[in-house]
Amino acid sequence: MRGNLALVGVLISLAFLSLLPSGHPQPAGDDACSVQILVPGLKGDAGEKGDKGAPGRPGRVGPTGEKGDMGDKGQKGSVGRHGKIGPIGSKGEKGDSGDIGPPGPNGEPGLPCECSQLRKAIGEMDNQVSQLTSELKFIKNAVAGVRETESKIYLLVKEEKRYADAQLSCQGRGGTLSMPKDEAANGLMAAYLAQAGLARVFIGINDLEKEGAFVYSDHSPMRTFNKWRSGEPNNAYDEEDCVEMVASGGWNDVACHTTMYFMCEFDKENM
C-alpha cells in the first residue's frame with residue numbers, strides 16, 4: 001500500500017513540472033498541440049461478484065488412487081450362451097448290474113424234431129468215442145508205458161536218482177512220487193514194476209521229519225494200510241528214512257542217498 005502511494009506522488013510531481021513555462025517560449029499557433037497526462041487514480045473498492053465463467057479445460061490425469069474395498073455382491077446374471085462341446089472323457093468304471101427284468105413272452109413253437117435220426121447219430125458218436133478211448137488207453141500203456149486208474153496215472157521213470165532228486169523230477173512233470181494208499185493202488189504199482197522187469201523203485205513214503213513217523217510225499221500221515229516186509233522198517237545204520245517198493249509189492253526203508261529208478265503219480269484232474 002505504501003509503495004502505491006509513493007508511486008502516485010512521483011507521478012504528480014512530474015506532471016507539475018511539465019506545466020511550467022520553458023526558457024524559450026514559442027508562439028502559439030493553430031498547429032500547437034496540447035499534451036494531457038493521465039494520472040492513475042487511487043484503487044477503488046472491490047466490485048460486485050461477476051457471473052459464473054465457462055468451464056475450464058480438463059486438467060491432467062492425477063495419480064492412481066489406492067485400491068478400494070470390495071463392493072457388495074451383484075445380482076445373479078442371466079444364463080449365458082452354451083459353450084463348445086468339450087473333449088470326450090475317459091471311460092468310467094463298470095457299474096453294478098441292474099435288476100432282473102420281467103420274463104419275456106413265450107416264443108413261437110419250434111419245428112418238429114426228427115428225434116429218431118438224432119438218437120441214431122448220437123449213439124454212433126458214443127460208440128466212436130468209446131473206441132477212441134480204448135485205443136488211447138492202449139497207446140498209453142503200450143507206447144508211453146504208463147498205468148492208470150479212474151483218478152490216477154502212474155509213470156515209471158527209468159532214471160537213477162536219489163530220493164530228493166526223484167521227488168523234484170516228479171514235481172517238475174506236474175506230479176509227485178507214487179503214494180500207494182490202498183491195496184488196489186499198491187497192487188497196480190507192483191504189477192507195473194514186475195512187467196517192466198525191475199527189482200525196486202523209490203515210492204512216496206518217508207520219515208525225514210520225525211523218525212518212525214512215516215508220511216506220504218504229500219505230507220499226509222500213513223494210517224492203517226501198509227506193506228512193510230518182515231522186519232521192516234528197521235532203520236539200519238540209523239540212516240534209512242526213505243522207502244522203496246520191490247516187485248512183489250512189499251516195502252523196505254532205505255537210505256535216501258541211494259540212487260534207483262522211481263515211479264511218479266499224477267491226478268487226472270490236473271492233467
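Cβ coordinates are placed from backbone N, Cα and C, and glycine is handled just like the others.
Taken from Swiss-Prot, the feature signal peptide covers 1-25. Under the heading region 'Disordered', Swiss-Prot lists 44-113. Annotated compositional bias 'Basic and acidic residues' per Swiss-Prot: 45-54, 66-75, in sequence order. What Swiss-Prot lists as coiled coil is 114-148, and the listing cites sequence analysis. As annotated by Swiss-Prot, domain 'C-type lectin' applies to 149-265, with the evidence given as sequence analysis. Residues or ranges marked as disulfide bond by Swiss-Prot on the basis of experimental evidence: Cys170-Cys264, Cys242-Cys256. Here Swiss-Prot flags Arg200, Glu240, Glu244, Asn252, Asp253, Val254 as carbohydrate binding site. Positions annotated as Ca(2+) 3 binding site by Swiss-Prot, on the basis of experimental evidence: Glu211, Asp238, Asp241. The Ca(2+) 2 binding site feature in Swiss-Prot is assigned to Glu232, Asn234, Glu240, Asn252, Asp253.
Structural mapping of features recorded in Swiss-Prot.
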{"residue": "Cys170", "record": "disulfide bond", "contacts (Cβ under 8 Å, 6+ apart)": "Val157, Thr176, Leu177, Phe262, Cys264, Glu265"}
{"residue": "Glu211", "record": "Ca(2+) 3 binding site", "contacts (Cβ under 8 Å, 6+ apart)": "Asn235, Asp241"}
{"residue": "Glu232", "record": "Ca(2+) 2 binding site", "contacts (Cβ under 8 Å, 6+ apart)": "Gly250, Trp251, Asn252, Asp253"}
{"residue": "Asn234", "record": "Ca(2+) 2 binding site", "contacts (Cβ under 8 Å, 6+ apart)": "Glu240, Asp253"}
{"residue": "Glu244", "record": "carbohydrate binding site", "contacts (Cβ under 8 Å, 6+ apart)": "Arg200, Val201, Phe202, Ile203, Trp251, Asn252, Val254, Met260"}
{"residue": "Cys256", "record": "disulfide bond", "contacts (Cβ under 8 Å, 6+ apart)": "Arg162, Tyr163, Ala164, Asn206, Leu208, Glu239, Asp241, Cys242"}
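What surrounds the Ca(2+) 2 site, by Cβ distance within 8 Å of the Cβ centroid and not counting Glu232, Asn234, Glu240, Asn252, Asp253, is the set Trp228, Arg229, Gly231, Pro233, Asn235, Ala236, Val243, Trp251, Val254 from the same chain. If you take every residue in the coiled coil (114-148) and average the pLDDT, you get 75. Mapped onto three states, the DSSP output places Asp238 (Ca(2+) 3 binding site) in helix.
Every protein chain considered, the tally of other Cβ atoms within 10 Å of the Cβ of Asp238 (Ca(2+) 3 binding site) stands at 7.
Per-class residue totals from DSSP over the region 'Disordered' (44-113), listed helix then strand then coil: 0 helix, 0 strand, 70 coil.
Each of the disulfide-bonded residues Cys242, Cys264 was scored by other CB atoms within 10 A of its CB, and the lowest score goes to Cys264. Its Cβ taken as reference, Asp241 (Ca(2+) 3 binding site) is surrounded by 21 other Cβ atoms within 10 Å in the chains shown.
Other residues of the same chain near the carbohydrate site, with their Cβ within 8 Å of the Cβ centroid of Arg200, Glu240, Glu244, Asn252, Asp253, Val254, are Glu232, Cys242, Val243, Trp251, Ala255, Thr258.
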